[in-house]
Amino acid sequence: MGPPSAPPCRLHVPWKEVLLTASLLTFWNPPTTAKLTIESTPFNVAEGKEVLLLAHNLPQNRIGYSWYKGERVDGNSLIVGYVIGTQQATPGPAYSGRETIYPNASLLIQNVTQNDTGFYTLQVIKSDLVNEEATGQFHVYPELPKPSISSNNSNPVEDKDAVAFTCEPEVQNTTYLWWVNGQSLPVSPRLQLSNGNMTLTLLSVKRNDAGSYECEIQNPASANRSDPVTLNVLYGPDVPTISPSKANYRPGENLNLSCHAASNPPAQYSWFINGTFQQSTQELFIPNITVNNSGSYMCQAHNSATGLNRTTVTMITVSGSAPVLSAVATVGITIGVLARVALI
């Protein structure tokens with residue numbers, strides 16, 4: 001190792017700022033009897049990242065430092081030693097090539113692994129040979145992968161099917177969370193979590209359960225969320241409605257009826273008059289009706305996915321006489337006819 005008189009170029013800017021702050025605090029603070037302490041930044045670190053062990057309240061008469069892996073000073077656990085006077089760092093048996101010691105006694109460990117989890121001890125060597133020691137620690141968690149969701153049924157039928165979502169992969173010491181349409185999971189007796197929250201089960205699905213589902217995995221050092229999975233709930237048809245609700249007509253009017261039923265996928269419609277099939281359309285149009293068009297008009301809605309049919313019936317009565325032309329209209333027609341005769 002070369003002399004760590006200045007942070008190496010590979011050091012990220014945040015560590016430079018932290019080290020500078022620590023150095024200034026050490027320089028400006030007057031001698032105190034405060035106890036030597038170690039701060040880990042961060043305390044929880046993701047695998048592959050880096051962690052900085054900061055020393056606080058260094059004694060004034062220090063002449064060197066030694067860092068050890070573990071909670072006690074042991075030659076076999078020595079990571080690196082540093083002599084202030086010569087600014088020389090000497091690696092020990094526990095040195096892995098990922099550690100960098102700084103003049104303010106801070107230790108940077110890069111590309112951490114889960115094996116790095118644990119305690120680290122700093123020994124400050126003083127000119128009076130009354131050395132001081134302090135121990136710090138940090139925890140390394142795995143860098144979480146992007147999870148994915150599998151489902152046993154992405155097109156369930158309302159009030160008939162149950163759906164089980166599973167968030168994968170399984171990772172130890174990890175929290176599993178679920179999101180529905182971008183919101184946290186609602187409280188419902190039909191929603192059940194199991195297998196450490198990895199599995200979300202929807203019992204007897206409802207149409208309101210349709211939407212986007214995501215799972216998120218978390219540990220104290222990182223988090224990751226899956227791509228959304230869409231749940232398409234098949235339902236209906238509900239009992240259809242016929243509009244307009246008008247029931248009484250006069251001869252010569254036009255009859256225009258429309259049928260609608262809530263359904264997923266959209267319903268297919270059929271019309272029956274007095275029990276006789278007429279046509280398969282959502283609208284029924286009969287121009288210039290007569291009294292013979294009176295009767296029962298039934299609309300049938302069919303869902304090809306659920307296999308269900310729903311019907312509704314309206315009674316249409318055609319009575320009275322055809323609309324009579326007004327006197328003004330009659331005079332207008334007469335004048336028009338006479339004018340055509342005169343031209344001939």
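Note: Cβ is positioned from N, Cα and C throughout, glycine not excepted.
Per Swiss-Prot, the feature disulfide bond maps to C167-C215, C259-C299. If you look up Swiss-Prot, you'll see 35-142 marked as domain 'Ig-like V-type', on the strength of similarity to another entry. Summarising the annotation, Swiss-Prot assigns domain 'Ig-like C2-type 2' to 240-314. As annotated by Swiss-Prot, N-linked glycosylation site applies to N104, N111, N115, N152, N173, N197, N224, N256, N274, N288, N292, N309. Swiss-Prot lists G320 with the feature GPI-anchor amidated glycine. Residues annotated as signal peptide in Swiss-Prot: 1-34.
Its Cβ taken as reference, N173 (N-linked glycosylation site) is surrounded by 9 other Cβ atoms within 10 Å in the chains shown. The predicted model assigns the domain 'Ig-like C2-type 2' (240-314) a mean pLDDT of 97. Sorting the glycosylation sites N104, N115, N152, N256 by the number of other Cβ atoms within 10 Å puts N104 first. Of the candidate glycosylation sites, N256, N288, N292, N309, the one lying closest to N152 (N-linked glycosylation site) when CA atoms are compared is N309. Put simply, of the glycosylation sites N111, N173, N197, N274, the one whose Cα is nearest the Cα of C215 (disulfide bond) is N197. DSSP states for the domain 'Ig-like V-type' (35-142), grouped as helix (H, G, I), strand (E, B) and coil, give 6 helix, 57 strand, 45 coil. Within 10 Å of the C-beta atom of G320 (GPI-anchor amidated glycine) sit 12 other C-beta atoms, taking all shown protein chains into account.
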